[in-house]
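A short write-up of the structure that comes next.
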Amino acid sequence: ELPIPERKNWLIYLLYVRRDYDECKAVIKEQLQESHGLCEYAVYVQALILRLEGKIQESLELFQTCSILNPRSADNLKQVARSLFLLGKHKAAIEVYNEAAKLDEKDWEISHNLGVCYMYLKHFNKARDQLNNALELNRHDLTYMMLGKIHLLEGEMDKAIEVYKKAVEFSPENTDLLTTLGLLYLQLGDYQKAFEHLGNALTYDPGNYKATLAAGSMMQAHGDFDVALSKYRVVASTVPESPPLWNNIGMCFFGKKKYVAAISCLKRANYLAPFDWKILYNLGLVHLTMQQYASAFHFLSAAINFQPKMGELYMLLAVALTNLEDIENAKRSYEQAVALDKCNPLVNLNYAVLLYNQGDKKGALCQYQEMEKKVNALKESSTLDFDPEKMVEVAQKMGAALQVGESLVWTKPSKESKSKQRPAPSGKSSSTQQPLGSNQALGQAMSSAAGYGKTMQLPPGAGASAPLANPPSLPLEPEPEPGSETSPEESSTPTGAEEQKKEKRKSRQAAD
């Protein structure tokens, strides 16, 4: 009787799909001994099992053996390329996938995997072409996800949203697509559409922790800290070691002014994700609020190492340095912040306060004028993303001290205008604050922290107390009388002309 190499293929397949890998390997070994290693299917399944066990290099060698046994099989080449991809050899994987494409031109999986390889090599144009080709051959959720990811990597948010919209139309019950689309709307500040898509995701999968975390971050951004914490409690039972979760919980406590609990949660988040600059930023912010300036300096310095192009970090660092009485380094930090941040007027106002307190009125005036320009630009574009209530007093005092009070652009908003500017007030937070990062649920959740930070970043000089309800006034001279038009400096000491007049009066009285 002639031996048939494939006579036990059915048994190998049955054991493999049942995940009875030990028994499957025993049958494969027996089959290969009988066929002297020429049974292609047995070698193929053995390579699959080795790859599942994490032995990628060994599986690659066996898949190459399969391609030698059957060089006309595109599946064998695809598996060789897949193993190369898992080993991080993307260029070699692309070459093998191109060979497989010659054998089977209408295989969507080959085009999809080529697009993924090009994406990791940062050849985004080629990656887009391959993924679009895969969608023309056969539409799949995963291909839409990767195409949207490429648009996000290129900073094309609108195109990414369009791709995810098409994906949701094709697969309306895919919770991953719904959650991702909701998070993108969340970053754009379109809360209605974000809530709609996140709600749909939770309808299909109530245990979807990503959607729950995002919904909680929306409520947190609007100041509903208790409701947000109830959402996070549900997420904590599913993913107790999630850094964004503990970051958001910490900032909820921060919004409720429970600073010790906030630091505890943020330190846990930092332990789980030590290289996440957003968590370090929040830790620095909370420590500044608690007047622990050395600790704030420590965390803000670490955040700057990971995010050296963010001007607001340098501004907070300068506030900490000012309170630590390191004026020279505070000035350097402010200069860096001014160079990096071209839109935020708070940087210039804080710098002006520091320069004025150090006696540099000329430099303070220059920074004050820059601040006015930025505020005018923000008013024209209607993108005031900060709460001006606390800043008005400091800005007006600064203008009076610098004798530029008549040209002030800062006016205290009326109650009506405040309600128009902030439709959903949240204590000391601002719901229109730009996200600090694109880390999905983490970005918008930090708006409460950033909004609060922008109201407490105005300590006038060294020894200031950041978290006070009303910021301490500038060290100005006595204010003039209501009827007087002179500046504070003029009213505090008599000028030379006034002294001459007094002398003349005395001489006339003596003559009389």
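Backbone N, Cα and C define each Cβ position, glycine as well.
Within its own chain, the repeat 'TPR' (74-107) has Cβ neighbours under 8 Å at 44, 47-48, 51, 56-57, 59-60, 63-64, 66-67, 113-114, 116-118, 120-121, 137, counting only residues six or more beyond its boundaries. Per TrEMBL, the feature repeat 'TPR' maps to 74-107 (among others).
For the repeat 'TPR' (141-174), the list of distant contacts is 108, 112, 115-116, 119, 124, 127-128, 131-132, 134-135, 180-181, 184-185, 187-188, 197, 200, 204, 438: same-chain residues at least six beyond its ends, Cβ to Cβ under 8 Å. What TrEMBL lists as repeat 'TPR' is 141-174 (among others).
Sequence annotations record features per position, and here TrEMBL assigns repeat 'TPR' to 175-208 (among others). Helix, strand and coil content of the repeat 'TPR' (175-208), in residues and according to DSSP, is 28 helix, 0 strand, 6 coil.
Helix, strand and coil counts under DSSP for the repeat 'TPR' (277-310) come to 27 helix, 0 strand, 7 coil. Residues or ranges marked as repeat 'TPR' by TrEMBL: 277-310 (among others).
Taken from TrEMBL, the feature repeat 'TPR' covers 311-344 (among others).
Sequence annotations record features per position, and here TrEMBL assigns region 'Disordered' to 409-512.
The compositional bias 'Polar residues' annotation in TrEMBL covers 427-447.
Residues or ranges marked as compositional bias 'Low complexity' by TrEMBL: 458-468 (among others).
Here TrEMBL flags 483-497 (among others) as compositional bias 'Low complexity'.
Among the features that TrEMBL reports, compositional bias 'Basic residues' is placed at 503-512.
Mean pLDDT of the predicted structure over the repeat 'TPR' (175-208): 89. In terms of DSSP secondary structure, the repeat 'TPR' (74-107) contains 27 helix, 0 strand, 7 coil.
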